[in-house]
Amino acid sequence: MTDSGVLKVAMPKGRIYKQASKLFRQAGLPIPEDFDDSRRLIIPVPEANMEFIMAKPVDVPTYVEYGVADIGIVGKDVLMEENKDVYELLDLGIAKCRMSVIGLPDWKPVIHPRVATKYPSVASQYFREQGQQVEVIKLNGSIELAPLIGLADRIVDMVETGQTLKENGLVEMETLFQVTSRLIANRVSYRLKNIAIQELCDRLGTAISARV
Amino acid sequence: MTKPKVFEKPTGVKDYLPHAVTKLRRIERSVLECMRLWGYEQIMTPTIEYYDTVGVASSTSDQKLFKLLNQRGTTIVLRSDMTAPIARVVGSLLKDKPFPIRLSYHGNVFRAFEEEGGREAEFFQTGVELVGDSSPEADAEIIALAVASLQAAGVPSFKIAMGHVGFLNGLFQETLPGLESEQEALKACLLQRDHVGYRDVIRNLSLDAEWKRELEDILRLRGGQEVCAQALQLSANEGAQAAIKHLCEVWDVLEAYGIQEHVLIDLTMIGDFSYYTGMTFEGYASHLGFPVCSGGRYDNLLAQFGRPAHATGFALKTTRILEVVEDAAQEQVRTLVVYDKTSRLEALTVAGRRREQGESVIAVVYESDDSELLAARKWGGAGTFSYRGTQYRHVVLIGKEAEGLA
């Protein structure tokens, strides 16, 4: 959190970065499409008066909460799971997908329901709200495997097109919430760098409404 | 949990080594002295309180209270702030003292463990409460004292954001009359700093476009006094108007204090609605990701302790300030007295005299096989002399052996 005008931006590496940087360019901010040396972790972008911190997407809210990044871009799925104390300023409308409960087409209630997911906190909260007590199993990838091999009877995961589900003979049972990427800000930066952050918000907001 | 290793301590608590304590004490002293100069007298209250009194009344949510059972099975809390204990004292021990009452405090407060770092289970707060004054002057005095305290602590650059819960309450009642759950939803979004969710709730309301735009626009209501003028146009609701007028007057007083450059008005800046009743504020220091102070008006708390009264106050989180304050070079002057056992009386008299002069003095008996003490004889007095890892500005040799004359 420097007082100089440079905004420190926690950027998610990979898929979301491409879409986010495109949106930034549409908002008139000269952000490169890709960086030559993708292994660099801190990338100055003097043209836009910013500095990018290239982070693993799930870590973006943490950097922002502690204030080592002023703002960040992160999916609503991660925000819901991590539950950090940050400002959620803008729905960027990119990286659209949804969080869903998924199972085999012939699913029937079982005696000891087990739900596998990368999002244990989201899943526990959802089932508690539904009045169901389930055992939540945290997995780190290939969640679709779980119902196929009998580790869990249902899973909670992100669905973009539904193609992977179809290929594995799984169906979406319920949608928890829609997911898009969000612009988040640190509590202190939001006040101390208010002008820069508000201007960025306005420019992005204009670019987003121009898209629709 | 596995058995802790011997060096471990519970999550969220800290040790402070001499260097940090020196700095922390300096901050506390400066801040408390500043508060004293503003007419606030320091009080102390116990670390533990009853859950049913102070615990329930405090602004800390139930799951964050640190609860214990005493030997009779009564629930006890480790205090989570100093405001509720002070309200208890004002309603009991000080019940005959006329208002307004100005009190300051410094103490450790506790919050039940959270797994994440940055959220401490025990930390130190220095703060004040001004009880029995509902005027804008009282609110402004609290903010001005917060500014003065941050300056006294040595925080290099900071900003105070100020809001008023009455404005949003009034505006929502006007735009969404009778729609309690919608009002609650909007407040919950603002409290969670979820502007996206706030806009979503508005989008789904059946309101005309004009009102929707106004509700959205409050997210941008930030700045100096001009914000008050804009806000007055927004809502004709009595409560909202009264809140803004109050804030305007607070601002006028802040201008008279000459500190308006440190303050900005943000009408989305709201504390817990069930606790704060009027003006609320938070202080932010650059280079720190978390607020360094917070405060506001809580006119309902004192009634819970049998003496209904208006009240306003703030707390600085001194352990957090520690991270942003520069080390003032004001090093302690240390003196090493090395003496022979036969010259003990003289040596300890010299040590005592030097202590009276404010020097920090260590006296050691000369041992001929101690190479560090041998070196003391040859030390010419330039810079500092190192003994057992500590630097000394002065070395005094007393006795024939120590002086090397034996």
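Here the Cβ of each residue, glycine as well, is placed from N, Cα and C on the backbone.
Remember, TrEMBL labels are computer predictions, not curated facts.
According to TrEMBL, the feature domain 'Aminoacyl-transfer RNA synthetases class-II family profile' maps to B:25-358.
On its own chain, B:T83 (L-histidine binding site) has B:S58, B:S59, B:G127, B:E129, B:Y298, B:L301, B:G313, B:A315 as residues at least 6 apart in sequence with a Cβ closer than 8 Å to its own Cβ. Secondary structure from DSSP puts B:T83 (L-histidine binding site) in a helix. Marked as L-histidine binding site by TrEMBL: B:D81, B:M82, B:T83, B:R111, B:Q125, B:E129, B:Y275, B:Y276.
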Site with most surrounding Cβ atoms, counting all protein chains shown within 10 Å, from the binding-site residues B:Y275, B:Y276: B:Y276
Listed in sequence order, residues with CB under 8 A of B:R111 (L-histidine binding site) and six or more positions away: B:G12, B:T60, B:K64, B:L65, B:F66, B:S80, B:R119, B:E120, B:A121, B:E122
Neighbouring C-beta atoms (10 Å sphere around the C-beta of B:E129 (L-histidine binding site)): 27
Taking residues B:D81, B:M82, B:T83, B:R111, B:Q125, B:E129, B:Y275, B:Y276, which bind L-histidine in the record, the widest Cα spacing (Å, whole number): 21
